[in-house]
Amino acid sequence: MIICKTPRELGIMREAGRIVALTHEELKKHIKPGISTKELDQIAERFIKKQGAIPSFKGYNGFRGSICVSVNEELVHGIPGSRVLKDGDIISIDIGAKLNGYHGDSAWTYPVGNISDDDKKLLEVTEESLYKGLQEAKPGERLSNISHAIQTYVENEQFSVVREYVGHGVGQDLHEDPQIPHYGPPNKGPRLKPGMVLAIEPMVNAGSRYVKTLADNWTVVTVDGKKCAHFEHTIAITETGFDILTRV
């Protein structure tokens, strides 16, 4: 069931989203060669708690980190640990913050030091695909128009959209209905209504679209070992369009 949020709930979620955005800004200062993914996790946890929220992901289905940290060929759900970032890496950081019972959720992929032109293009296309999808986020539109816009743009740029992992509703639960694929035909699915809160999060591979989960039962990687990127915003559908909740 899709739960439309009240103005009061949206106010809380806007603040939760702002905390997520501020946490991204804080981590961005520290993303450089020589730092470990565990150190980034610790910085994020301290910062989120300082804002009066709690990390959404810590303990979620047994997840050990406060954030998901995925490097290079790792797509999503990377567990923070001893891995040290190197010049030329790309790192996807997925952050959730829970405030007064409601979640904010946003992911960004960052360059570490100097990255290749190919990796720059991967990041640019993935981020732009998010905004191509958001252009379709209007009341009365079908949900799959978002999906179709993302897939069309990504594939026209000669990249691949991951199909096993999808966007989702957000609220008192981190993952609510509806599920939002980032591929598919237009004009399908429920019509968007004011008060819906959605996490749109295209995951894009430089090579084939296929992924697998490692033995830790969390970290998802590309099958071909090529790099991948992930960009996500939590948005609210309004009377006239959408409002990005996960920004300052």
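Heads up, the Cβ atoms here are built off N, Cα and C, so glycines get one too.
Per Swiss-Prot, the divalent metal cation 2 site holds ASP105, HIS168, GLU232; the candidate it also names there, chosen from GLU73, GLU136, GLU201, is GLU201. Among ASP94, ASP117, ASP243, the residue that Swiss-Prot places alongside ASP105, GLU232 at the divalent metal cation 1 binding site is ASP94.
When the binding-site residues HIS77, HIS168, HIS175, GLU201 are compared by Cα distance to ASP94 (divalent metal cation 1 binding site), the shortest distance belongs to HIS77. The shortest Cα-Cα distance between GLU232 (divalent metal cation 1 binding site) and any of the binding-site residues HIS77, HIS168, HIS175, GLU201 is the one to GLU201. Residue pair HIS168 (divalent metal cation 2 binding site) / HIS175 (substrate binding site) shows a Cα separation of 6 Å.
Taking a C-beta cut-off of under 8 Å and a sequence gap of six or more, HIS77 (substrate binding site) has these contacts in its own chain: PHE63, CYS68, SER70, ASP94, TRP218, THR219, VAL220.
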